[in-house]
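Step one of this worksheet: look at the structure below.
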Amino acid sequence: MKRLLLLAALVLLFPSSASAHFTTQGYHDIVQDGHRVDYVLGLEEEALYTLADGKDQAALSAYLLPRVRVSSDGVRCAGALKGFSPERRGGVAYLRLVLAYDCESASGPFAVRNAVPNESLARFELGGQTGTFLFDPDNLVLRADDPPSFLHFVEEGVEHIVGGWDHVVFLVILLLGAKTFRDVVKLGTTFTVAHSVTLALAVLGVVDAPSEVVEPLIAASIVYVAAMQVLGVENDRKLIVVFLFGLLHGLGFAGAVTFPGGTPIVSALIGFNVGIEVGQALIIAVVFPLLLWSRRFEWSKLAHASAGSAAAAIGLFWLSQRVLGG
């Protein structure tokens with residue numbers, strides 16, 4: 001139990017935020033002031049020098065300006081690299097790059113395209129809208145136009161947990177160990193409270209945990225609870241284990257939500273969390289009655305143990321895949 005507590009603490013305190021699958025890490029602060037857009041971009045120093053094939057302003061400008069673009073009302077804004085300086089964040093050497101863009105239209109709608117290979121969080125104030133956006137290879141363009149609705153984030157939450165097989169497997173294994181509906185309520189409530197805490201902290205920027213740590217640990221959580229199920233471990237600390245692993249899954253949820261428009265973060269966070277709970281309730285409503293029904297038969301004990309073993313094997317596969325970057 002001490003090891004689990006230490007593990008959770010390390011995840012919450014670990015700085016930086018990127019996946020091992022991407023070339024570089026970074027951050028973006030994008031602020032509009034009339035016809036001018038000030039863009040502070042932070043990228044890992046050595047990775048950027050390698051990508052730009054140079055360390056001077058000319059080389060950096062030649063690499064960045066075609067890849068980091070701002071447009072307003074469909075017209076590309078003229079950009080320039082005003083300067084850069086080294087800094088350290090979480091023990092990693094970064095370059096802090098100051099870019100400025102002059103736009104013909106100050107009203108927008110604005111679009112920001114970032115084609116630098118990285119996964120990084122952008123905070124923006126554009127066209128009277130404030131929000132955050134996660135740049136990654138599948139999401140290269142931030143659009144500050146009509147903000148997404150509350151229901152958009154509810155749907156996103158449902159889709160994430162129902163389509164997130166690691167979260168589904170974890171939840172199903174928890175249900176395998178539940179004997180009564182009261183057990184389901186206790187396990188579900190504990191998991192919900194835990195993941196809601198870290199989801200909120202991560203979305204609000206209080207906690208910044210790297211996905212290359214969080215994702216393998218989520219896989220490890222599946223192996224752990226599956227082993228508990230197979231070995232028939234039942235003790236008063238089970239809810240503590242579920243709570244700690246719920247913290248990890250909350251960080252995983254946070255990595256999936258983005259804010260492409262000006263929807264207030266709190267509204268988006270509540271909507272996304274509601275969606276997760278709706279998806280979780282749907283999974284429970286389908287799976288738990290089937291488990292109760294199966295327990296009427298002699299083969300159920302063997303079937304549940306086999307399901308736990310299969311989940312452990314799947315978790316080990318995901319763990320090795322995420323650690324090795326496969």
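Glycine is no exception: its Cβ is also placed from the backbone N, Cα and C atoms.
TrEMBL: automatically predicted annotations, no manual curation.
Copied over from TrEMBL, here are the features:
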SIGNAL    1-20  signal peptide
TRANSMEM  157-177  transmembrane segment
TRANSMEM  184-207  transmembrane segment
TRANSMEM  213-232  transmembrane segment
TRANSMEM  239-259  transmembrane segment
TRANSMEM  265-290  transmembrane segment
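Within its own chain, the transmembrane segment (157-177) has Cβ neighbours under 8 Å at 183-184, 187, 191, 218-219, 221-222, 225-226, 228-229, 234, 238, 242, 245, 249, 252-253, 256-257, 271-280, 282-284, 287-288, 291, 304, 307-308, 311, 314-315, 318, counting only residues six or more beyond its boundaries. Sequence-distant contacts of the transmembrane segment (265-290) (same chain, at least 6 residues past either end, Cβ-Cβ under 8 Å): 131-132, 148, 150-162, 168, 171-172, 175, 178, 181, 184, 188, 191-192, 195-196, 199-200, 203-204, 253, 257, 259.
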